[in-house]
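Visitor: Below is one structure. I have some questions about it.
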């Protein structure tokens, strides 16, 4: 098994991350800058996987006018770059964390993908993604890419690479789910929107997760925020609760969890071990200002503190 992974980020961003004790609307707010990172959900996943020793190739779209930060990151990390450069600028997302851990996002607009850009991407990506063990498709749709076009591409991709990991929201989530990817990771609110009803109890969440599985999705992982995560597949149902940590930033925590899930699945670990690992990687992410794993012993210690139980 070659254990190669590709991640696709159609709408990446520069994340400007800061800390503001309490945001006051209509006032001047002083913000402590904690970082400016070339990011995007699939890129964050790639960083985690690279730190865990997995060969990763990244793809999607980058704006021509401000691509240098991304190109430098890929070079520094030794990540193979298959991004398609288009006219315009990659967007900037401002993410502010308050003292209570609440994160407020300001997502700016960026480049627009033309029909010719999209046609080229579809043709090119489908020519090389089939060689990978797993493909992770993450994030939102850029301007110019319709949900219908995205569903069509995802469906064609699945015929070439059955193991698609999908993590998105809003219209992109709805569109991608129609292609029945192998693993999906919505949060509880996104699952409620898909189900068209509130899911107040854990049994309601599990019921909705099984409804997704009935559409041909093998693995459904529900992010529960500080409460951890729920994994539902053919083998059972498990709930993992992360250890308590000092929160620095929750930015990229969900992407870190996806990276942990992919790693465990690639290594053919059990569902229990994989969910424990993924929960620990996410907990590690919130305790630092940037995504990544620099201390493997620290990760192992975090794994030992994860509370994982089968759901009865």
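Every residue, even glycine, has its Cβ placed from backbone N, Cα and C.
Copying in the features that Swiss-Prot gives for the protein in this structure:
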ACT_SITE  255  active site, proton acceptor
BINDING   223, 224, 225, 226, 227, 228, 254, 255  ATP binding site
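Show me how these features fit into the structure around them.
Guide: Within 10 Å of the C-beta atom of residue 255 (active site, proton acceptor) sit 30 other C-beta atoms, taking all shown protein chains into account.
Around residue 227 (ATP binding site), the same-chain residues six or more apart in sequence whose CB sits under 8 Å from its CB are 241, listed in sequence order.
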Visitor: Determine, to the nearest whole angstrom, how far the Cα atom of residue 255 (active site, proton acceptor) is from the Cα atom of residue 223 (ATP binding site).
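Guide: Cα to Cα, residue 255 (active site, proton acceptor) and residue 223 (ATP binding site) are separated by 11 Å.
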Visitor: Around residue 225 (ATP binding site), how many other CB atoms lie within 10 A of its CB?
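Guide: I get 14 for this one.
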Visitor: Among residues 223, 224, 225, 226, 227, 228, 254, 255 annotated as binding ATP, what is the maximum Cα-Cα distance? Answer in Å.
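Guide: Pairwise Cα check on 223, 224, 225, 226, 227, 228, 254, 255 gives a maximum of 16 Å.
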